[in-house]
Amino acid sequence: MHWMELWKAIILGMVEGLTEFAPVSSTGHMIMVDDLWLKSTEFLGKYAANTFKVVIQLGSILAAVVVFKDRFLDLLGVRGRHPGGHPRLNLIHVIIGLLPAGVLGVLFEDYIDEHLFSTKTVLIGLVLGALLMIAADKFAKKAARTQTVDQITYKQAFFVGLMQCLSLWPGFSRSGSTISGGVLVGMSHRAAADFTFIMAVPIMAGASGLSLLKNWQYVTAADIPFFIAGFFSAFVFALLAIRFFLELINRIRLVPFAVYRIVLAVVIYFLYF
């Protein structure tokens, strides 16, 4: 085991954990940090490196499960119904939100992998996603009628699901597109963020699990320590990032993240081209 390469795995896990759920594009950051600096393909090989990125994403997913564990127990009916008969987020909201991107993702997975994963397309996604986020903040109603995730309607859930389709374009950012969509239909930034993270777990787990099954044969026993280090690094930093972001989003909204995305796109452009 090479300790320097183990540290690279930890750093990549950190980058994944910090950026997966923020509206800044984890793909864009992985391009800048991995492709231009750490180069995981050099010590893992191309296919094992791709599998490694799937594994560290699973670490981020586990962090979201931990943060929202009570909510998931409610959705699954383990904790019983919410007392008082008040409106409550349920599985139908989540399913409605998942369907559009889930269907398109299954139909066009191979096309997206073959034709849309390039530095140029990620740069386009970074900029277009930033413009959407700026527009969402500009045109959002000053007083959001949906303050909490439990007040979300089925129509709002479906619109957020439609907006999630934009995240199939690499670099667009799942949370950037869905939080923007939620804000545009009258949700508070916090309600939109909560729904985004809850909805992200099943769709990310499904996509990552499928990719892992397809590519696991490329992993050797020597790679396992790097995978474990990256997984736990992503888990820890995602845990911190999710909690921090949820406290921050209602205060600063989306524009600062949009500006950051544009700066990131410019930096990647000058480093890569």
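The backbone N, Cα and C atoms fix where each Cβ goes, glycine too.
Here's what Swiss-Prot has on this protein:
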type	residues	note
TRANSMEM	4-24	transmembrane segment
TRANSMEM	48-68	transmembrane segment
TRANSMEM	89-109	transmembrane segment
TRANSMEM	116-136	transmembrane segment
TRANSMEM	152-172	transmembrane segment
TRANSMEM	193-213	transmembrane segment
TRANSMEM	222-242	transmembrane segment
TRANSMEM	252-272	transmembrane segment
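Taking every listed stretch (89-109, 152-172, 222-242) in turn, the largest tally of C-beta pairs under 8 A with the transmembrane segment (193-213) is reached by 89-109. For the transmembrane segment (4-24), the neighbouring stretch richest in Cβ pairs under 8 Å, chosen from 89-109, 116-136, 152-172, 222-242, 252-272, is 222-242.
Outside the transmembrane segment (89-109) by six or more residues, the chain places 71, 74-76, 149-150, 152, 154, 157-158, 160-162, 164-165, 167-168, 195, 198-199, 202-203, 206-207 with a CB less than 8 A from a CB of the stretch. Touching of the transmembrane segment (252-272) and the transmembrane segment (116-136) is concluded from the presence of at least three CB pairs under 8 A, sequence neighbours closer than 6 excluded.
Counting Cβ pairs under 8 Å that are 6 or more residues apart, the transmembrane segment (152-172) and the transmembrane segment (222-242) reach fewer than 3 and are not in contact.
For the transmembrane segment (48-68), the residues of the chain that approach it from at least six positions outside its boundaries are 9, 12-13, 16-17, 20-21, 30, 34, 40-41, 194, 197-198, 200-201, 204-205, 208-209, 211-212, 215-216, 218-220, 223, 226-227, 230-236, 238-239, 242-243, 246, judged by C-beta separation under 8 angstroms.
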